[in-house]
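Here's the structure we're looking at; comments come further down.
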């Protein structure tokens, strides 16, 4: 497990790891427990996410709607979802934005993406400075990753309203409603891997976990 690069200077950033989802596809495949707590090399999946994000931000916390005691070993604040009639990842995003609101910018990631770029924050901040957009999302292999993004924390009222009235309660559709820019991140390489891999590769299925272990072993070589 390798740490990220030093955080970019000139902007205060709060980071949030959103540990949502039910891990249902993983459990249906015979793997019990939370997908982000599965072992990946010498540490759980989420520990790799922490190691890559923490050096890029000023403060970092974990968000979840479940039992927060699961995260006690990681030494980070854990914030439970705001109680709302709606559910899903947008509530997690709202919780993170509200918790980070003393800071101007929030960097988010899922808890099951262990190979995040070590220069993710600097690339997203650069795009935000160039465009002035309130939402910057990561993109790789022609696919936008709505959970991985840089958000202006003044979006809280917009998101609260969206959750009240919107029919499409997804992060992507909220971002599309507000307007967003993307940063295209190239596929990554490891010397012992025959093929490149997506730095936003996420773990949903048992086969994904096996692939993640293969990538991790190659990165540690």
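Glycine residues also receive a Cβ, built from the backbone N, Cα and C atoms like all the rest.
Close to residue 18 (GTP binding site) in the fold, though at least 6 residues off in sequence, lie 63, 64, 89, 92, 93, 96, 108, 109, 110, 111, 147, each with a CB less than 8 Å from its CB. The feature GTP binding site is assigned by Swiss-Prot to 18, 19, 20, 35, 63, 81, 112, with sequence analysis given as support.
Look at residue 112 (GTP binding site): DSSP puts it in coil. What Swiss-Prot records for 112 is Mg(2+) binding site, and it gives sequence analysis as the kind of evidence.
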